[in-house]
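What Swiss-Prot records for this protein:
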| type | residues | note |
| --- | --- | --- |
| ACT_SITE | 116 | active site, proton acceptor |
| ACT_SITE | 230 | active site, nucleophile |
| DISULFID | 69-158 | disulfide bond |
| DISULFID | 76-164 | disulfide bond |
| CARBOHYD | 129 | N-linked glycosylation site |
| CARBOHYD | 142 | N-linked glycosylation site |
| CARBOHYD | 177 | N-linked glycosylation site |
| CARBOHYD | 202 | N-linked glycosylation site |
| CARBOHYD | 254 | N-linked glycosylation site |
| CARBOHYD | 270 | N-linked glycosylation site |
| CARBOHYD | 280 | N-linked glycosylation site |
| CARBOHYD | 352 | N-linked glycosylation site |
| REGION | 1-23 | region 'Disordered' |
| TOPO_DOM | 1-29 | topological domain 'Cytoplasmic' |
| TOPO_DOM | 47-358 | topological domain 'Lumenal' |
């Protein structure tokens, strides 16, 4: 299935999978910029809304993407429907992890521990393998920064993420520079119940969120916003399998996160309240000015100048405008501003102690 339900690369960027149709409006160069900003940073509202972290908003259905949004790499080109397994089948569950953009940069980002996560399955009855992953429809840049279209007053976002399921596991891709390891064994019936959950999760969780935002790097620091990316999909799926009765092996599992550090965020409003006819024109201009350096299709000279502008805004003036749940927030940035981590998050414990899920 091209997508689990209806409907490229970030910390969850998958390997390239073919050229997308239409103009390449999404050729972004900001993966190196994020790394540069993280290095440079290391060197150098309404009270009723303030539930921290802000809950990720879910939707009743997945909207069709706007035709303006075109992917450089086709989303889920070999996708297929999730098969119905026989209840007495034994399904092996594999942890899959490989460097982001391995198809383009090899193990370069692997050395920096910037990894993409997925899940593999193997049916012992049919001996067929399957891969399931969740990633951006229009690549990382569009999920993280908007387009500033001259015919529109508000920033325009091409931000959707979705699940992709297809037959086969590319052993060399996952093993050569990453991880392919058995983490659990489940029944076919348990797999089928998981599949129903995946479809519902995919239809209601429609957009990608790059950043995890919290008050400081300290353990237990206040967290303002959670990311919503490939690793979070894998973690949610593991939790669901544990809920259904899966027993996971005791092995170390680490995941990439991109953190922003800020004081308590200030809620600014949604697109209408900020950019509409009665919106705050000064605030609207400030938000667009902040996003301007992140635009795509820059020459080398423009790209370097944009890096300086980003550094000035985020590190010198300590400002960041975050778009989350289709609403805008102001982040008063704090040292170390931005950081890419590779953290251990343990596999879940079995939650259902009966044999009903087996």
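Each Cβ is built from the backbone N, Cα and C atoms, and glycine gets one as well.
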By the 10 Å Cβ-neighbour count, the most surrounded of the glycosylation sites 142, 254 is 142
Which whole-number mean pLDDT does the model give the topological domain 'Cytoplasmic' (1-29)?
46
Pick the one among the recorded positions 69, 76, 158, 164, 230 whose Cβ has the fewest other Cβ atoms within 10 Å in this structure.
69
What recorded positions among 116, 164, 177, 202, 270, 280 are found with a C-alpha within 10 angstroms of that of residue 69 (disulfide bond)?
none
Which disulfide-bonded residues (76, 158, 164) fall within 10 Å of residue 142 (N-linked glycosylation site) by Cα distance?
158
For the C-alpha pair, I'd like the distance in angstrom between residue 158 (disulfide bond) and residue 270 (N-linked glycosylation site), rounded off.
16
Out of 116, 129, 230, 270, point to the one nearest residue 202 (N-linked glycosylation site) in space (Cα versus Cα); all of them are recorded positions in the record.
230
